[in-house]
Amino acid sequence: MMLIPTHHFRDIERKPEYLQPEKCVPPPYPGPVGTMWFIRDGCGIACAIVTWFLVLYAEFVVLFVMLIPSRDYVYSIINGIVFNLLAFLALASHCRAMLTDPGAVPKGNATKEFIESLQLKPGQVVYKCPKCCSIKPDRAHHCSVCKRCIRKMDHHCPWVNNCVGENNQKYFVLFTMYIALISLHALIMVGFHFLHCFEEDWTKCSSFSPPTTVILLILLCFEGLLFLIFTSVMFGTQVHSICTDETGIERLQRKNQPREHTGSWQSVKETFGGDFSLNWFNPFSRPCQPEIPSDKDLVRQVTSLSDTETTEDPSEETKEEDCVEVIDE
């Protein structure tokens, strides 16, 4: 017997053309870990380019307006090394967050044959996403930009042109942290440079003219302050999500159904890749790779069919139209 969780979606199973089963092919063999991932979204690509441009602009002002013209070589060398190291780590984290598969669910496994092979028992259900024709494991959500269901999807970030999911959340956290640090570092150097220039001759403070120098520093100050606030908030939000083992989507939904949470420290170790070490801050080290969900992980248990008929899928807040296949008792 086929049932739908809410009356609004009750006709989905009766209209097989909505799922387009002829386009549902068996899922491809999982690619190797680290396979290139890139979303062809115009807005996301533009935001990623803007991000790199702003970091490179800060690099230009810090080096050619403040550090290189300075007569204090020790000050210039130390701050130059620290700023360039943080900028490199920020851009590396950005690339890893953008080019890493966030945890996409294999497409095309919502076929009748595959569901029958699961041999569902009374009280067991599987959620099918009609948009990407896949069976969704628990805590997976569909992204309309990536056009895939993503495991433990937190949100889609246009600045990294990718979803933030279980496989790339570490890189996104590092990206926000390093951007916040270089923004703070740039603001401190701008403050010292202004104080120095007020005491000395402005013509000796930079190789540029005084008006040009002031404009470049003000723009850098505005950029640094804006990104310091934005990335600090995002960093705090992501750390809170990791410690509470609750994604941004799950936090917005606040479902009444209790869900088992892992310990906060265990969730942190899974996200950053094991016990605390310097690799936590290394964008080139991978987080703990989760096991590929087995067929049993695709099946969810309900207490009764009546509960199923009144239970909405956790993805409804993202305006998905998921359908449920239920075995009548």
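Just so it is clear, glycine is given a Cβ too, placed from its N, Cα and C backbone atoms.
TrEMBL entries are annotated by machine, without manual review.
Positions annotated as transmembrane segment by TrEMBL: 45-67 (among others).
Positions annotated as transmembrane segment by TrEMBL: 73-92 (among others). With a cut-off of 8 Å between Cβ atoms, the residues of this chain six or more beyond the transmembrane segment (73-92) that come close are 52, 55, 58-59, 62-63, 67, 174-175, 178-179, 181-182, 185-186, 189, 281, 283-284.
Marked as domain 'Palmitoyltransferase DHHC' by TrEMBL: 128-254.
For the transmembrane segment (171-194), same-chain residues at least 6 beyond its ends with a Cβ under 8 Å from one of its own Cβ atoms are 55, 58, 61-62, 65-67, 79, 82-83, 86-87, 89-90, 93-94, 96-97, 100, 157, 160, 164, 205, 217, 220-221, 223-225, 227-228, 231-232, 234-235, 238-239, 242, 271, 281, 283. Annotated transmembrane segment per TrEMBL: 171-194 (among others), in sequence order.
Annotation comment: TrEMBL describes 214-235 (among others) as transmembrane segment.
Residues or ranges marked as region 'Disordered' by TrEMBL: 289-329.
Positions annotated as compositional bias 'Acidic residues' by TrEMBL: 309-329.
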Averaged pLDDT, computed only over the residues in the domain 'Palmitoyltransferase DHHC' (128-254):
90
